[in-house]
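Going by TrEMBL, these are the annotated features:
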TRANSMEM  7-26  transmembrane segment
DOMAIN    8-202  domain 'Cytochrome b561'
TRANSMEM  38-58  transmembrane segment
TRANSMEM  70-87  transmembrane segment
TRANSMEM  99-119  transmembrane segment
TRANSMEM  131-150  transmembrane segment
TRANSMEM  181-202  transmembrane segment
REGION    208-252  region 'Disordered'
Amino acid sequence: MGALLVGLARVTAAMVAALVIFWALSFQTSFLPVLHPLLMVIGFILLTGEAILAHRTLGRWSRGTRKSAHLALQGAAFSFGIFGIWAKFRASDGLLSNFLSLHSWMGLLCLSLFAAQLLAQGEGRRTRGSVLPWHVFVGLYTYGLAVATAETGLLEKLTFLQAGRGQGEAAAAAPRSAEAVVVNALGVGLALLCGVVVLAAVSPKSGRVGKKTSATAADRSNGDCAAATMSNGDDVANGHHHHRPYLSKQQN
């Protein structure tokens, strides 16, 4: 089940990457606006998903190697996120003009939580053990928030397309309709990807379930053996010997 979910996540991620590249190259006209969706979707969201799945996809590697790969993917995703925000600032009218929408506020919250996650990676072993459930929760929440932020950005783009179509631009109606289809498909793909990645992350590993079941069965078997031993000991202590009737018959 886990391998199937990971494979489905990879296929969905490839479809999302293909859609955002096609959208950027086919409908965007300048370089910096193209960088923002490419970096935030491929560089941030897709790499964050790979970081979440690293402990499952690298299950045969050592625990230290899995943690190093997880941290490296997180660091790369965070770098792409920062660069993507810089590209957005450089492509528009300045810093303050970009923080007037829900999309920008959610993006700032998402990167802040992501930075806090990276800082938490450097805590001691005892501290990590106590905050591990919170680390997993905040990581999945941040990933879901990143996808939701991307969806609000796509919604803004669709709103601009609708506003432009309403201004009587008949010549551009067909290309904008095609772009709206691509944007909608990208939004659906991101929603599906988020669900598959989160489900793969929280589903139990088959190996762990098997080991846990075997350990439980072994404990029960040992408990039954111990109970039988105690019962035989009680019989001996009370003078109840099962071979006495046989001995009595021999004496008679």
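Cβ from N, Cα, C; glycine included.
Unlike curated entries, TrEMBL annotations are predicted automatically.
Simply put, out of 7-26, 99-119, 131-150, 7-26 has the most Cβ pairs sitting under 8 Å from the transmembrane segment (38-58).
Distant neighbours of the transmembrane segment (70-87): 32-33, 35-36, 38-40, 42-45, 47-48, 50-51, 54-55, 107, 110-111, 114-115, 117-118, 121; these residues of the same chain sit at least 6 beyond its ends, with a Cβ under 8 Å from one of its Cβ atoms. Within the chain carrying the transmembrane segment (131-150), a Cβ under 8 angstroms from the stretch's Cβ atoms is held by residues 40-41, 44-45, 48-49, 52, 103, 106-107, 109-110, 113-114, 116-117, 120, 123, 187, 190-191, 193-194, 197-198, 201-202, all 6 or more beyond its ends.
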